[in-house]
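Taken from Swiss-Prot as is:
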type	residues	note
DOMAIN	6-39	domain 'WW 1'
DOMAIN	53-86	domain 'WW 2'
COILED	111-247	coiled coil
COILED	294-329	coiled coil
COILED	360-434	coiled coil
REGION	434-456	region 'Disordered'
REGION	523-547	region 'Disordered'
COMPBIAS	533-542	compositional bias 'Low complexity'
DOMAIN	653-776	domain 'C2'
REGION	828-861	region 'Disordered'
COMPBIAS	846-861	compositional bias 'Acidic residues'
COILED	998-1065	coiled coil
Amino acid sequence: MIRKELPLPEGWEEARDVDGKVYYIDHTSKTTSWIDPRDRFTKPLTFADCIGDELPLGWEESYDTQVGVYYIDHNSQTTQIEDPRVQWRREQERMLKDYLVLAQEALLAQKEIYQVKQQRLELAQKEYRTLNDVWKHKVGSQTSLVSGSSSSSKYDPDILKAEIATTKSRVNKLKREMVFLRQELQYKENGYQTLKEIDLKMSKNHCAYKLDEAQAILNEMKTIKKAITSGEREKQDLIQSLAELKNGFLVDKGSQSDLWASNTSLASSANSLSRQYLNVSSQTDISGNLSVVSNNHLAEKVRLQLRYEEAKRRIANIKIQLAKIDSDAWPGVLDSERDRLILISEKEELLKEMRFISPRKWSQSEVERLESEKKQLEEDLQAARDTQSKALTERLKMSSKRNQLVKELEETTRLIASLQAQLKCLSTSMQSLSSGSSPGSLASSRGSLVTSSQDSSTSASVSDLYYEQLDHLDSEYQNKVDFLIQEGAMGYRPSGCITTIHENEVVRSQKTDPANRVKALRSLSGTPKSMTSLSPRSSLSSPSPPCSPLVTDPLLTVDAFLSQIDFEDIDLPLSFTELNVNAGGDSYQHETDEEPSGQGLSCLGVSSLSVAGVSAAVSDESVTGDSGVYEATNQRTLMENAVFDGEDSEMMDTAKIKIGMKYDEKNKHFAVFVIQLDNLAALLLHQNEKLYIRVAVLPCSESTSCLFRTRTLEQSDTLLYNEMFLVSTSHSALRQKTLRVDVCTRQSNHHEECLGGSQISLADVCHSEEQEAHWYNLLSYRYLKRQSKTSKQKISCCEESGIENPDSVSALLKQTAAELEAVRKQIGESTDPPEYIWPEKKDNVPDEDGISENEGEEEFDGDVQCETEESDMQAATDSASVKVDKETNTEGLAMSLSSVRPKDKRAATPMQAPFIRGNTIIRSKTFSPGPQSQYICRLNRSDSESSTLSKKPPFVRNAMERRSVRVKRPSVKSTGSERLIRTSLDLELDLQASRTWHHQLTQEISVLRELKEQLEQAKRLGENELPQRVKDDETFKVMLRQVEKQVQKIEQKYEMQADKMMRAAAKDVHRLRGQSSKEPLEVQSFREKMAFFTRPRMNLPTLTADDV
């Protein structure tokens, strides 16, 4: 029976209060109640009796504008925000306890990392003092490495200077790292204690907040939010004042300090635009023919729009991939495991430094303690590697892939911001040329990514705390984690990611998906169906009837994409660069059966297949001494047999090392990859000698690390190192340096002996983000030493016998010069001298991978053929005649032809006719430039923008009011996000997170104030240079570099736009993850809240001292 059909019991009455809410009066007991007395017969008495969403007797669901849905228990006259029907609160408490265990493990691992770093710092300080004493007192002989010195090579002046500079840099770096680690440890420990207190508070007596308590917590959070917003504004003001103060100091442009004056991609992209694109004041300001300028505008705009659309699609794909990864692994679960791997890496560094230290002035007890510590470290590292699980490696692979996707997302958002700026500039220019309409149409039609996040950069929201900030690991930590992952799964590369400076897996290099590359080629260099008519029917700037403008741009050709191919992918069936040297037999063979065509690469001047000069390599198949001359094997064999005899003639092979190099323009880092060492027998090794590689970038500056050593390995036919080292330097300074690579061993008396080496010029290092790896021959110092002894003995014998015997090296050089002259004459007879000119450096030095002379000549012919083809085409284009209307201005005819895209070139045709329109250009009489009759030409905003690609269906009459041809964005009704179940534990976590955020912001503001005081004090003292502490700290460099960008108006808009897009992308990833995840949204949200307290966001360091 329905409750309303039942009569009220005797003595009961129904009434309403002032708010209209129904209550009941019991006249018998003279009491009032919110509970209908008839509910005793219709509602379940307990929760166990409830079916579906029913509430038992005495419970009521209500709504508060501030708190939301809450529940009233009329039986106990209490309120609560948790739904009594859901056991979510109990599940939250269990999850919190589990997370506390993981957080404690991560905290212990990080404390151990701090202790290991402290040991490394003490060891580095001792080593620095020892090297300083050696330098001051000039201990040991300073014989040259080239002369074959062994134990005294430790005191080579250049190497010793590099040792001192590197050790000093390592001391300062370890000090800064310990400061950061101490801050991070303090943050994590405070967060762990906060979570522990919350767990204790909420689990004790099952604490639950009532309505008034929840309202008080929300009011406090609102107050904290206002304080955070004002603090962000103060932080921006401090950054602005810091930028103004910094401008008053001098910056050394020749050192690594040129990081301060960096140009962003927006500036470079704006400079790449024609001056005509930037001048939009009047039509009369445009030089040349109006139709030519307008056509160039149109072609450039179409090209930028296609790139813009492609970048938007790429961002959408990255968001989906990030959402999938985040849904598989919840935040914070990998922290303890990652810290354990970093601890292993730190112990390896400590072990390496212990092995390479020179304990000459140490006591016997200190030396014994050092040896015992080394043995203990070796045992710990071996045990840690044995216990490393496969599941851990897989999870860390996903984390590494996520970091790579985040970096790609950041770069793509910057690209979109740059393209938007260029499109807006072009759109404004075209409006001024054609219709004079107001600028800003791009923002309404193309700002979909930006308009979705138009929040202020200084506004604060508590919900923003738990959005993933999409930050990746520190570069050095990322390198360590990647190498440790690689040890677990050799050659792993996550698919669909880009190669960055933070990736160290040098065995396999990343290659972009061919399907995506082909798709990009079709979308850029092809002629889409939607481009059948781009010219407006009523525009004076139209040079021809409506047709598709064929743009000629180097960015749109196939060659441009070929230049981005990674030639180090060993999975390719046709490898371009893995062509090993075969000096004496079949020990090194080509990995490819046929020669790949290099014409497309040579057209763009790509230097991926050339090798930098090696100055210390006189071995087989290499350059001779400092001459940089290549000699093939078949030419050297007879000469070697003639010059050397006995056991020396058996040494046909030479030791080789594979070195990879890459320069990161963004971070100003030069990466050196030590990959592989081959043919060690040529170094004349002794038994039981352990080898390591010493890398030095010379000359070395005082404030940078420039000398590095790999780990020590036992002798083998092939040694795989796979280690990477970073050098902070500008590109201009790097081109003045030399990379010195030595194979060394450590003697029993702790002296360092160099067995072989090579010097590689860095003058040709390019800005490419792709790693370039090549094989380099090593000069055997022991072999040279033995050879010099042999020559001395022969000379002395000749002097005694009276027979004149020339020096071996002189004979070698004479023979080389004679053979080179013969080769040049032979090449000069087979080619036409007037047309072909030899390149200066790279094209006449083939790769050191066994390519014969004939193959080199064929590649050279391909290069010349491609260049000649382009020059012939340009000449034919310039001399072509086109029929035009007699009133048409033909002043800029050549420029108009340059904006027409030619059809695909065929490399097999050396002389190809240029693409010329065959039909006569007949202009419309209505809109001819010459005034043939009286008419009125009305240009509106629609006509000016009809030159862009229309994404609407064909025009249908009476379908809609035709006011504009511009793309209309569909109106999307904003639907509120699904309301999550909120518990008292959620409220407590939100409150503590807000307090933590505000506390951290306060600390950052205090650091900025302190830095401002230091700069102001230095300015008052009349100092012209920045304080050394600021110049040496990488974090403050990055901060002040971004500060400098915010000062300039254009850069500020560009950076803020990219930052808004990243925030919007983070929220989109958060939303997509909630949709794709198999777990409820409440579980994901609660995990993010817990992880916030143990994942610090350290933006600014504290100010530290610089003293060594």
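Backbone N, Cα and C atoms are what each Cβ position is placed from, and that goes for glycine too.
Within the chain carrying the domain 'WW 1' (6-39), a Cβ under 8 angstroms from the stretch's Cβ atoms is held by residues 57-58, 60, 72, 74, all 6 or more beyond its ends. Within the domain 'C2' (653-776), the DSSP-based counts of helix, strand and coil residues read 8 helix, 66 strand, 50 coil. Helix first, then strand, then coil: DSSP counts for the domain 'WW 1' (6-39) stand at 1 helix, 13 strand, 20 coil.
For the domain 'WW 2' (53-86), the number of residues in each DSSP class (helix H, G, I; strand E, B; coil) is 0 helix, 15 strand, 19 coil.
Looking at the coiled coil (360-434) alone, the prediction's average pLDDT is 77.
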